[in-house]
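Listed features, source TrEMBL:
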{"type": "SIGNAL", "residues": "B:1-23", "note": "signal peptide"}
{"type": "DOMAIN", "residues": "B:125-505", "note": "domain 'Cation/H+ exchanger transmembrane'"}
{"type": "TRANSMEM", "residues": "B:129-146", "note": "transmembrane segment"}
{"type": "TRANSMEM", "residues": "B:158-174", "note": "transmembrane segment"}
{"type": "TRANSMEM", "residues": "B:186-207", "note": "transmembrane segment"}
{"type": "TRANSMEM", "residues": "B:219-243", "note": "transmembrane segment"}
{"type": "TRANSMEM", "residues": "B:252-274", "note": "transmembrane segment"}
{"type": "TRANSMEM", "residues": "B:294-318", "note": "transmembrane segment"}
{"type": "TRANSMEM", "residues": "B:330-360", "note": "transmembrane segment"}
{"type": "TRANSMEM", "residues": "B:380-401", "note": "transmembrane segment"}
{"type": "TRANSMEM", "residues": "B:413-436", "note": "transmembrane segment"}
{"type": "TRANSMEM", "residues": "B:478-497", "note": "transmembrane segment"}
{"type": "REGION", "residues": "B:737-778", "note": "region 'Disordered'"}
{"type": "REGION", "residues": "B:804-885", "note": "region 'Disordered'"}
{"type": "COMPBIAS", "residues": "B:876-885", "note": "compositional bias 'Basic and acidic residues'"}
Amino acid sequence: MGSRASSLLREEDIEEIKKETGFSHSQITRLYSRFHSLDKGENGALSREDFQRIPELAINPLGDRIINAFFPEGEDQVNFRGFMRTLAHFRPVEDNEKNKDPDAGEPLNSRNNKLLFAFRLYDLDRDDKISRDELLQVLRMMVGVNISDEQLGSIADRTIQEADANGDMCISFSEFIKALEKVDVEQKMSIRFLH
Amino acid sequence: MQVAPSYLLWALLLTCLIHTVPMEGISGASSERLVYKTRHGSGHRLENASSVLTVSSVHTQNRSGHHHNAGDHDTAHQPKNLTGVPIVSFKWDHVQEPYVVVLWIFVAGMAKLVFELNHNLTSVFPESGLLILIGFVLGGIVWGADKAQTFTLTPTNFFFYLLPQIILDTGYFMPNKLFFSNLGAILIYAILGTVWNAAAVGLSLWGCYEGGAMGDLDIGLLQFLLFGSLIAAVDPVAVIAVFEEVHVNEVLFILVFGESLLNDGVTVVLYNVFDAFVSLGGERIDAAEIIKGIISFFVVAFGGSLIGVIFAILISLLTRFTKNVQIIEAGFIFVLGYLSYLTAEMLSLSAILSITFFGVCGQKYINANMDERSVTTVRYVMKVIANGSETMIFVFLGVTAIDKTIWVWNTGFILLTLLFIFIYRFMGVFFMTYFLNKNRLVPIELIDQVIMSYGGLRGAVAYGLAVLLNENKIPEKNLLISTTLIVIYFTVILQGITMKPLVQWLKVKRAAQAELKLIEKVNSRAFEHILCAVEDVCGRIGDNWWTRGWNRFEEKYICWLLMKPKPRKSRDYLFNVFHKLNLADAMNYVTEGERRGSLAFLRNEDDTHVDFKKKFGVDIEDVMPDITVDTEYNRPDQVPVTSIIHDTVPSVSLNIYEQDLQGMRDIEDLRAHHLLQQHLYRSRKNHRHKYSRSNFSINQSEGEVQEIFQRTMRSRLESFKSAKTGVAPAKKITKLPQKERQQKMANGRPIDRSQSYPYGDEDFEFSASEGDNASGGGGEGGAAALYSFRTLYTAGAGIENPAFMPEMDTPPPMRSPPWLDQPESDASVAPSQRAQRRLPWTPSNMRRLAPLRVSTRSNDSFAMADVVVPEEPEDSPPRRDGTHM
């Protein structure tokens, strides 16, 4: 499968993706074959259903939110580049990347971008703020069913209180970053991709 | 294990039983015993290599003259007893041998019990080290009583009666997937690593000897290499004992542990070869002999494994037919396992490899074929005897040391040995890891390498081999034994004690920060879920042609041969789950029946609860009685955490909010933390199946997984519904006319070949109609369900069968989606019938969705991408062999 899949991937595409995401050539071909195997419609793009077919995602409390994160706003399909761009958030930060060309813009796997990915999971309406309701929805997904709404509400209140600096009862992205400044995001939001 | 009497010891322990034994009989027995010696008892596997039965000296050898003595005494006592009709007679000699063995087992067990009473002690000292120390004490008592060490760990006892069950246990409980996915690295470590260690240690010691560091010893290069080969191997027993207590990550564990198991083949060969070389003498070794040695490695290692596989096939076949002797079928596992060990031993192949592979290869089929109760029996018995033997081994390693006659001290030799095995272990691990990491999916981190190197513990196998050395060929045998013992004590006790702090210290860097804020806690957990999901999306393990090919072959042919037809069919993940559901259901009935029983809460055992209780329980109790009272600890009759009927967390006093917020801040924090701690879903990564010697915990979180699954499916259904009512159906739906459906049901399989259902097959249909009938649906219902499967599958998303939309909002019947749990967990139990009532919002067609999703695909990401995904050509006929199930 691998050879067939990689042959569908043009060399210049690989180069571009490489530049954009920082994945290595072999990582890209490997992930392409995965992409290809997920792509049941064989149309070079994944739909939500393609993701939903991954059984593990059905038992991931945030599974559907994460699937959504793969799709650009308002679209139902994600092509390989978009797929890779999302995955690139989870590339570990390598030592030699830290000081490399500062003018190339922030890499996708920077701390801020990793946090932004998480932030977006909450921020459904994309107003760059996590409201109490949005937080509550995610909390609801992540806790067992036997916590009452009131309890959850109080947890949400507390959580917002902790992070909310300007008193608008929402968590903005900058407040989000600040609240999580002690968390080792680089480590916790990275997975290893085979080289 | 040695059966000679040591009356004072037993007088100390069991005065009342023994005080009438005539003392003069003993001394006679003792002295006679000390004289009577052959190597009779130590006929271990290496005898063929050393090829000579030698008469060996008194103390360090197995004293097998005991039967002889017992016989003497029986005859001596008989006349006295015959003076009248004895009503009661004291026949110590009659029972002496088994009696002493059992007493030792009892004492060792008691020793373990005593440690476990004090968790502070065991949290600092590894149990193995403590047992050795106890052994010192007991050995001292024996020495004081007999003025000689009458109980020693003899190679015969060790290799024949203590080791096999431990290795069988490790093989039987081996996390196979983990093991085989790391097999390459394990083999490298086991083969190259052991050879490297043996050669480097042997040569370096020889170099130092030539350099004059050890004074005057009667020992040559070959003897050094022989010693190197026996001291090189990491010991499985010691490794399990120590690593079990420090909870390292599973890959690291399997690497060290797998290495320690598989290096036995290498050790045996190296030992045999050098033993033969020593016998031959240096000048007669030529290229041919060396080549023969290399060939013998392959023969010994692969031959041993092959024996194990053959016996695994035998046991699998056998358990297919043991239905009528269910009461003893569990025994077959042990008997055949032991036979595989002995057979390999007989053929001078690697016995450890043999029994390891017996367990590894057989576990799946054994568990599938045997009755549930037998499987449980096997598991418990396995744990009991393995843990017991392990305890005995360590105690006797301690006892053995208290013996003046074996100690030959040579500071230079001993210290240099310790130094070299330590250094070369590190060098070997780092060097090999460097190359392995170039090809590994998940590189082995530096910290892990340190732990791996540091975890190179030596144990009883090395000691057993040292004792087996031929004294005539190796004059310094006692020095080698002493050094081996020192190395064992050093590694097991010192490295064992420091291992835990080291692991903690190294880990501290990784997980330093405590999650003080709620937002940190929530997000850390969210991060875990995200990572997990992304890994699943990426199919992290990657596609592995070999695995895929093997899985297919295995399911098609091997399962056909080795498994009963029934479990073969139900081997589908879905069926397993249903099976477990039913089992759990039965257990729930019992549990609930004994509502007042005090044991029920064990089922809810959970780390978080324990922690909470320990940490906060006391503080919180006054302020927040409602929470603490309601944790499962105080309410043994509680149903599991995820229950809906019984809300384990009560609607806590909400008037907290009406009170002064500032004043309640801390408590509120505490409460919120606690709630989150207890109720946040755990990421799958956190509770994967782990091998554990002393306990196999049933995974407690299936309910959680099920809950998540249901939520996900529900939300997907809802989003689909809204999409449907909104704009346009996303895709075309394949529909079959009613007539065709019925036709299909009649045949049990689709007859319409023009309609392609690439995943339809008999098993599948069986599952569909079975499930439906069980829930009360009639034949038509079954057909409908079948139809729904088909349609759903063809449609792809699995949720857009309009036929079931109306049902969606009705409260569900009892069945729940059987999707749960991660694949490795073999002991998962999940709520079923009864438990399902706790899931009131399950749409009734969930159970139809779920089987579809589960059964047409493999259940883990590993196989997911590889086994199932390859699409069959659209026009191919439906598969019926169930290979994808």
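Even glycines carry a Cβ here, placed using N, Cα and C.
Highest Cβ pair count under 8 Å relative to the transmembrane segment (B:186-207), across stretches B:219-243, B:330-360, B:478-497: B:219-243.
Below 8 angstroms of C-beta separation, residues 44-45, 48-49, 159-160, 163-165, 167-174, 176, 179, 236, 261-262, 264-265, 268-269, 272, 299-301, 303-305, 307-312, 314-315, 318-319, 322, 366, 370, 374-375, 377-378, 381-382 of the same chain, each at least six residues beyond the ends of the transmembrane segment (B:330-360), sit close to that stretch. The stretch from B:158-174, B:219-243, B:478-497 that makes the most Cβ contacts under 8 Å with the transmembrane segment (B:413-436) is B:478-497. Beyond the transmembrane segment (B:158-174), the same-chain residues lying 6 or more positions past its ends with a Cβ under 8 Å from any Cβ of the stretch are 1, 44-45, 236-237, 240, 257, 261, 308, 333-334, 337-338, 341-342, 345, 351-352, 355-360, 362-363, 378-379, 382-383, 385-386, 389-390, 392-393, 460-461, 463-464, 691-693, 696.
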